[in-house]
Amino acid sequence: MSMVRLYTRVLELLGAEARLGWILAGANLLLAGAQFAEPVLFGRIIDVLSGNPASGLFGMASTSPWPLLAVWAAFGLFTILCGVTVALQADRLSHRQRQAVLTGYFEHIMQLPLAYHAGTHSGRLMKVMLQGTDALWRLWLGFFREHFAAMMSLVVLLPLSLYINWRLAILLFALCIVFTMLTTLVVRRTFDMQNEVEAHFSDLSARASDALGNVALVQSFVRVDAEVQGLRFVVDKLLSAQMPVLSWWAVVTVMTRASTTITILAIFTAGIALNQRGMTSIGEIVMFVSFATMLIQRLEQVVSFINSVFMEAPRLKEFFDVLDAVPAVRDRPDAVDPGRLQGRVEFNDVSFSYDSKRPAVANLSFVASPGETIALVGPTGAGKSTAVALLHRAFDPQSGIIRIDGMDIRDLTLSGLRRNIGVVFQEPLLFNRSIAENLRVGKPDATDEEMRLAAGRAQALDFIERGEKKFDTHAGERGRMLSGGERQRLSIARALLKDPPILILDEATSALDAVTEAKVNAALDEVMKGRTTFVIAHRLSTIRNAARILVFADGRVIESGTFGELLANGGHFAQLAKAQFMTQESTQADLSSSRTNPAVEIRPLSLGN
């Protein structure tokens, strides 16, 4: 993305504030004209005081300094009032729009597919959001407060200086050419360097976020020093990349100061020579010295603007790259909100592939009646999770149709569809907020009594009531202040509050101990009542009561039936069940033997001699 296109997009993000932006641009143009008038009036007053009549001021002649001083005061008052107004409105515009863009960015990334989030570190997305919106704010604020006025000053000053005295104006044009050449050189030399700097910033943010998100692991494996050393290594690479960029821009600063002195000396030298020939006045020499000082200040502001755009460019590019990421699924223009559905689910010859090479599911067809429990079993990667992900449109199938109550789910709004589907994940997902706030994710307007009832049905009320703050107890980051079973029961209570007609249980008890699993299963039995339920399970003992079991392998359903029917068929499911139950029976026998046989002793594993 070119620098011009990049900055055009920055201005496009002004959105509804664009009208105010145009007003500020017009005010800056007036400011530029008013600021130009001051050195002109100053020079003419010098001429009057030195005995020369002030001719040529917009076609007006004067032999007295007082009218000129009055005009100068009027221009000065206008400049002050207009400048204050521009500054205030520019501040408010940039702050308002920063918050609007930040909110829009957040909404956008929350709608991106899970596959995008799986491949993108959350720390990077946070860094891009905060640094990108801060960069936009700085550019908007600088542009409307200073930089646009500086550019307009150049547009006004250079042509009018030619009109007043073209010989002295040539020196001002030469100064502009030198500045332009120097700035272009530095920008070209440092563009790739600055991109490398921002890449190291992203690495730094991702590494720090990764370590902070795994503090328990770091401390458990005594990795604090190693992680700090790793962070220092990234910081060192960042500084090594940053130093050459800073050196080049330091050269610009030095050359700017040198240009100030050289230009003023050149104007005085040329002015004296022209004055001796009667080709300019003392007032014009003073005027052009003021022009030179003003020009250098404005050029410095323009260079600062170019520098800021250049320095922010990698951050803005990252920001726009995320904004340009397209959600995998979107609402169709004519999508409808279905209201509450009955829960009849039909997969009709559905196929989907993540990489267009190996199918994740292939020619999948089945029907689930309202209130029916369907279990999905099979090895990891067989297509179980993909099938239910297609149901709530995490992705859309490449072929085939999924219908609920006879309607193609792609004809439904995403919010309307997902409002009818509840998910209880294997790893309970909780916010770093109170228990009440986490429960209200399922039903934002839930009353306290509704939350108590849902918690009771989910076997969660006992541990909530034991807490000092009860429903106001903080769950901690990702729910870490609670045990695994407590987190899972809260997620079940949340699903009960949502009260969806369709429920997905994604291995909801696979990581729990036997006692906790019994409590959670009791809660699951409650939440499954009257709902079309899809259960993904590796523990086959948990799906004995399923109305139907679909056995997946390589993205296809290879067997279907009840628990008893599949065992009797002696197929893939029967072999899997036999292996699991034999393992469990062997484990139980070993435990029983260890309790009754005193000769059996458990000893630590010894490595070596």
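Keep in mind that glycine also has a Cβ here, set from the backbone N, Cα and C atoms.
DSSP assigns A382 (ATP binding site) to coil in the three-state reduction, outside any helix or strand. Annotation source Swiss-Prot lists ATP binding site at G378, P379, T380, G381, A382, G383, K384, S385, citing sequence analysis.
The feature domain 'ABC transmembrane type-1' is assigned by Swiss-Prot to 21-311, with sequence analysis given as support.
Here Swiss-Prot flags 345-579 as domain 'ABC transporter'.
Sequence-distant contacts of the transmembrane segment (22-42), counting only residues of its own chain at least 6 positions beyond either end whose CB sits under 8 Å from a CB of the stretch, comprise 57, 68, 71-72, 75-76, 78-79, 82-83, 85-86, 89-90, 93, 144, 148-149, 152-153, 155-157, 160, 164, 286-287, 290-291, 294. Per Swiss-Prot, the feature transmembrane segment maps to 22-42 (among others).
The feature transmembrane segment is assigned by Swiss-Prot to 68-88 (among others), with sequence analysis given as support.
Note on the transmembrane segment (146-166): residues 24-25, 28-29, 31-33, 35-36, 40, 56, 86, 172-173, 176, 274, 280, 284, 287-288, 291, 294-295, 297-299, 301-302, 304-305 of its chain, located 6 or more positions outside it, place their CB under 8 angstroms from a CB of the stretch. The transmembrane segment feature in Swiss-Prot is assigned to 146-166 (among others); the stated evidence is sequence analysis.
Look at Swiss-Prot and you will find 167-187 (among others) tagged as transmembrane segment, backed by sequence analysis.
Per Swiss-Prot, the feature transmembrane segment maps to 248-268 (among others); the stated evidence is sequence analysis.
Below 8 angstroms of C-beta separation, residues 35-36, 38-40, 42-44, 46, 142-143, 146-147, 150-151, 153-154, 157, 161, 164-165, 168-169, 171-172, 175-176, 179, 183, 252, 256, 259-260, 263-264, 267-268, 271-272, 275 of the same chain, each at least six residues beyond the ends of the transmembrane segment (285-305), sit close to that stretch. Residues or ranges marked as transmembrane segment in Swiss-Prot: 285-305 (among others).
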Beyond the site residues G378, P379, T380, G381, A382, G383, K384, S385: chain residues whose C-beta lies within 8 Å of the centroid, for ATP: T386, F552, A553
Residues from the same chain, set at least six apart from the ends of the transmembrane segment (68-88), whose C-beta lies under 8 A from its own: 24, 27-28, 30-31, 34-35, 37-38, 41-42, 44-45, 48, 54, 57, 62, 144-145, 149
The one of G378, P379, G383 whose CB sees the fewest other CB atoms within 10 Å, among these binding-site residues: P379
